[in-house]
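**Q** Structure provided below as structure tokens; questions to follow.
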Amino acid sequence: MAEKSYQAGVKEYRKTYWTPEYVPLDTDLLAVFKIVAQAGVPREEAAAAVAAESSTGTWTTVWTDLLTDLDYYKGRAYRIEPVPGDDNAFYAFIAYPIDLFEEGSVVNVLTSLVGNVFGFKAVRSLRLEDIRFPLAYVKTCGGPPNGIQLERDRLNKYGRPLLGCTIKPKLGLSAKNYGRAVYECLRGGLDFTKDDENINSQPFMRWQHRFEFVMEAVHKATSETGERKGHYLNVTAPTPEEMYKRAEFAKSLGAPIIMHDFLTAGFTANTGLANWCRENGMLLHIHRAMHAVLDRNPMHGIHFRVLTKCLRLSGGDHLHSGTVVGKLEGDREATIGWVDLMREPFVPENRARGIFFDQDWGAMPGVMPVASGGIHVWHMPALTAIFGDDACFQFGGGTLGHPWGNAAGAHANRVALEACVEARNQGRPVEREGREILTEAAQHSPELKIAMETWKEIKFEFDVVDKLDTGPMLRVVNA
């Protein structure tokens, strides 16, 4: 440790935390923030202020700095880049020593990186765009309880995406009618049905009753079709104790999968539930309710790719990822980027998809992306092309809104999916020839034909709010 002397007072952050000569270590946690500084604040000072407040710094010099090796523990702002197309914003790259973070704790990482610093007066807006978790830290986290391959092995389903349906209306059904809808969808050809994010235990349908009627429907559909079926039973609850109580009851009924709202319930609850699922042989479906509060503003908050990485570390076998083509926000290239971060063992830097760093996941299993929100049979070719096999396509209204009923809606989706997969396997450009592929399949499926007629005019063509930053400064790294 270098010899130091204490000098009281306030000094510029950049004198301590701006280190452009620094070369990040393999064990450093790296972060990139999009910053708009207050008028008159130099960019280096704003970047250094973020590095300080998210690591060891405070607003004034303190004598207790002499009791530790501040030069080792501090965050270091080591690079600044302009944001293409925006003269006010810039990217600040910051390196943090791994010892700043508790092992296996996404909670602790986020408390540092997006804690007090987001209320800092020196910046007008601040967004955490990406994180590089070093492999040494990844190995301290539990990750997905099962992963994609183990899920396929348990379900005995290979070579195609999985199909699901969110039961609608999301609120107001009795447990018995809810279970009836589940049964009709599963016997019609779906692999899964799902509780919506805000179904917990309301007066119109208490959780015990829902679990019992739903699992009766699941077992009946499994017996009749000879296929393994499941329903995402939402165990999100007011307290962790109640959450585990619901999970245990789901297990006692023979449920293969449960569900959790990871952002509203919190990462502590989610990591604990993921550990429980790993120990009890249960799949864990993760809903991202509340994510857009954090990630939709392109100038302030946390990008969804960061939330995706944090969820993979915390634990979950499924995660809602957006659809690109449905009713919810999602740029195509950015979506493909975070889908890769969910599934792949190694993802290289690729600025064209918004990925700022290489990310090595080691042997950690992948998370299956769930495409859900305003999709129907006409979207099936695009979904197949965008997501490939290791995904779950979830049609709520696109199943339950079929004029002939739930089973017919499920059957139409299954026929459409298998037609697209077969065409893809034959080498046909599925997205470009989607209309022809579906029309050919509909000749042998009246359910699909009616579904195509019902939703032929339904499109969600709105401009994307959170677009990738593009321009002459964009660096593209081919995967």
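Each residue, glycine too, has its Cβ placed from N, Cα and C.
So Swiss-Prot lists the following for this protein:
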ACT_SITE  Lys168  active site, proton acceptor
ACT_SITE  His287  active site, proton acceptor
BINDING   Asn116, Thr166, Lys170, Arg288, His320, Ser372  substrate binding site
BINDING   Lys194, Asp196, Glu197  Mg(2+) binding site
MOD_RES   Lys194  N6-carboxylysine
SITE      Lys327  site 'Transition state stabilizer'
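If you look at the structure here, what lies around each of the features I listed?
**A** For Lys168 (active site, proton acceptor), the same-chain residues 6+ apart in sequence whose C-beta sits under 8 angstroms from its C-beta are Asp196, Gly396, Gly397, Leu400.
The Cβ of His287 (active site, proton acceptor) has 28 neighbouring Cβ atoms from other residues within 10 Å, across all protein chains displayed.
Lys170 (substrate binding site) falls within neither a helix nor a strand when secondary structure is assigned with DSSP, and so counts as coil. Counting every protein chain shown, the Cβ of Lys170 (substrate binding site) has 13 other Cβ atoms within 10 Å.
In this structure, Lys194 (Mg(2+) binding site) is part of a beta strand by DSSP.
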**Q** Long-range same-chain neighbours of Arg288 (substrate binding site), Cβ under 8 Å, sequence gap at least 6?
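**A** In sequence order, the residues whose Cβ lies under 8 Å from that of Arg288 (substrate binding site) (at least 6 apart) are Phe262, Leu263, Phe304, Leu307, Leu319, His320.
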**Q** Anything within 10 Å of Lys194 (Mg(2+) binding site)? Look among the binding-site residues Asn116, Thr166, Ser372, comparing CA atoms, and list what you find.
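**A** Within 10 Å of Lys194 (Mg(2+) binding site): Thr166.
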**Q** Taking the residues the record says bind substrate (Asn116, Thr166, Lys170, Arg288, His320, Ser372), how far apart in Å are the two Cα atoms that sit farthest from each other?
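**A** So the binding residues stretch over 37 Å, Cα to Cα.
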**Q** To the nearest whole angstrom, state the Cα distance for the pair Thr166 (substrate binding site) and Glu197 (Mg(2+) binding site).
**A** 9
**Q** How far is it from Ser372 (substrate binding site) to His287 (active site, proton acceptor), counting Cα to Cα, in Å?
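**A** The separation of the Cα atoms works out to 10 Å.
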**Q** Enumerate the residues of the same chain, Lys194, Asp196, Glu197 excluded, that satisfy the criterion Cβ within 8 A of the mean position of the Cβ atoms of the recorded Mg(2+) site; list them in sequence order.
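**A** So the extra residues in range turn out to be Thr166, Ile167, Lys170, Asp195, Asn198, Ile199, Tyr232, Asn234, Met259, His287.
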**Q** List, in sequence order, the same-chain residues at least six positions removed whose CB sits under 8 Å from that of Asn116 (substrate binding site)?
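**A** Asn116 (substrate binding site) has long-range Cβ partners Glu53.
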